[in-house]
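Asker: Straight out of TrEMBL:
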type	residues	note
TRANSMEM	86-104	transmembrane segment
TRANSMEM	116-140	transmembrane segment
TRANSMEM	146-165	transmembrane segment
TRANSMEM	177-196	transmembrane segment
TRANSMEM	208-228	transmembrane segment
TRANSMEM	297-316	transmembrane segment
TRANSMEM	323-343	transmembrane segment
TRANSMEM	349-374	transmembrane segment
TRANSMEM	386-404	transmembrane segment
TRANSMEM	416-438	transmembrane segment
Amino acid sequence: MDDNKNIVPAEAVDAALDVLREAKNDSDMGEVLDLQGPKKLLRKLDFVLMPMILGTWLMQSLDKTTLGAAAIFDIRQETHLVGTEYSWLGSMFFLGWIVFEYPATFLLQRFPVGKVLAALVTAWGAVLMCHAACSNFAGLATVRTLLGAFEAGCNPACMVIFGMFYTRAEQPFRMGIWIGFGGVAYILGGIISYGIGHIQSALSTWKILYLIYGSITICWGVFLWVWIPDSPLSARFLTEEERKAVVLRIAENGTGLENKHWKKAQASQVPGIWVELFQGIIILSLGYTGLQTTLMTMPSGAVQIIGCTAASYFASRFKNLRIAMSLLFILPFLVGSLGLRLFDDSRPWGRLVCLWLCFFFASPYGIGMALVNANTAGHTKRITTNAMYIIGAGTGSFMGPFFFKSNQEPYYSLGFDFMFVTFSCEVAVLVGLFAVLWTRNRSRRLARGNIKADVWGASQNGFLDLTDIENEDYEYVY
């Protein structure tokens with residue numbers, strides 16, 4: 001690497017570089033290094049940090065399902081929704097998500113990640129409660145847009161936290177559990193909705209649902225403000241030695257921890273949720289009552305949990321198997337969407353099973369997040385790339401509901417055709433991504449004369465906040 005490239009402004013250096021440099025020549029680091037084993041420090045991270053991340057995803061997943069649950073409890077009739085207005089409500093959430101993704105990314109770059117996440121969770125909990133005050137499409141569209149805006153920063157914040165505390169080898173399995181935990185939301189949400197459906201009150205059932213979910217979310221946001229760390233260097237649940245050990249573990253990623261200096265150059269280097277929204281309506285059409293429908297959505301959650309956990313386990317267990325696992329777990333989704341297109345009401349159980357199979361869509365999504373996190377170095381670039389990945393998902397989710405036309409209810413032939421085509425295209429994209437990453441690794445190995453990458457150089461360059469392009473010792477995973 002050119003010597004000039006090693007001259008990095010002080011404000012651009014990662015916050016943990018001093019810890020790494022101190023560790024290199026510290027004769028007393030043996031005790032710290034002993035903490036790196038999975039039986040001690042890793043277990044502590046899993047039992048303290050992971051529940052906070054999982055709980056946040058659970059809150060977000062529960063809150064995303066509220067519109068579908070409210071549809072079971074007559075929100076469409078009571079707010080006089082007609083034509084495509086219900087589809088628009090599904091899309092308005094993602095409009096707010098897309099528009100606010102980059103502002104949220106900037107906040108995560110400039111301010112403590114944990115505090116930003118806690119503030120966003122509290123804000124979207126308040127907006128969720130405001131749904132109960134709406135009586136028409138305009139009001140619902142407004143709060144749905146705000147809800148998407150405040151939830152926009154959740155995923156990139158969690159991905160940044162994963163990158164700060166876990167190695168690249170550890171991330172896929174834990175990210176898979178994280179995304180799979182959204183399946184718990186379907187199971188828990190089904191139980192909660194079933195209970196709420198039995199409440200006798202002058203207030204509409206769907207309004208009670210929003211008030212309960214919103215109040216729980218606000219409480220969770222306050223909890224996060226107190227406990228979730230902004231980085232390993234400020235984690236209250238870690239000792240001083242454990243904080244150093246986390247920095248040493250993450251050094252091998254070559255991605256660094258965090259840097260509060262926004263770098264335009266790094267930002268410029270970054271060149272099936274719809275089925276959730278209409279799941280309740282499809283199940284209602286099979287002859288189930290509203291209360292029965294709340295329970296019949298629960299197997300969808302089990303499918304998501306099983307798919308995400310299995311895919312992420314194998315992606316972590318075997319080197320460079322992440323894209324292969326994504327391709328494998330897209331297949332059940334393709335089968336499910338095709339079955340929903342072909343089966344009619346004469347085969348209700350066939351349609352129901354195919355609907356559940358569609359929830360394998362979350363498996364490649366979780367592995368994709370891990371791929372983005374593991375293959376992007378430089379704090380600004382990593383946050384920006386995370387945002388672009390989520391904006392892509394949000395754009396598809398914004399478009400999706402418009403392919404589920406009310407005059408095609410409950411078969412939604414155009415919608416399921418669109419799902420099948422888009423996920424087929426994803427197969428081609430994943431194959432192309434594999435080729436690109438494999439080629440880059442091969443080119444760098446040839447440039448080094450087939451000499452193994454300098455791990456220490458890669459880690460130190462990572463803490464200089466160099467990107468994966470600038471860091472010539474960086475190795476991609478796939």
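Keep in mind that glycine also has a Cβ here, set from the backbone N, Cα and C atoms.
TrEMBL: automatically predicted annotations, no manual curation.
What you see is a predicted model, and the numbers here were worked out from it, not measured in a lab.
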Asker: Hey, would you say the transmembrane segment (116-140) packs against the transmembrane segment (349-374), going by three or more CB pairs under 8 A that are 6+ residues apart?
Answerer: no
Asker: Apart from its near flanks, which chain residues at least 6 from the ends of the transmembrane segment (146-165) lie with a Cβ under 8 angstroms of it?
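Answerer: 45, 49, 53, 56-57, 60, 63-64, 92-101, 103-105, 107-108, 113-114, 116-117, 120-121, 123-124, 127-128, 130, 171, 174-175, 178, 228-229, 231-232, 246, 250, 253, 255, 257-258, 369, 372-373, 382-383, 386-387, 390, 394.
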Asker: By a Cβ-Cβ criterion of under 8 Å, what residues six or more beyond either terminus of the transmembrane segment (297-316) are in contact with it?
Answerer: 68, 169-177, 179-191, 279-280, 283, 322, 325-326, 328-329, 332, 355-357, 359-360, 362-364, 366-367, 370
Asker: When each of 349-374, 386-404, 416-438 is checked against the transmembrane segment (177-196) for Cβ pairs under 8 Å, which one has the most?
Answerer: 349-374
Asker: Can you work out which residues elsewhere in the same chain, 6+ from the ends of the transmembrane segment (386-404), have a Cβ less than 8 Å from its Cβ atoms?
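Answerer: The answer is 84, 87-88, 90-91, 93-95, 97-98, 101-102, 104-105, 148, 152, 155-156, 159-160, 270, 272-274, 277-278, 365, 368-369, 372-373, 376, 412, 414-415, 417-419, 422.
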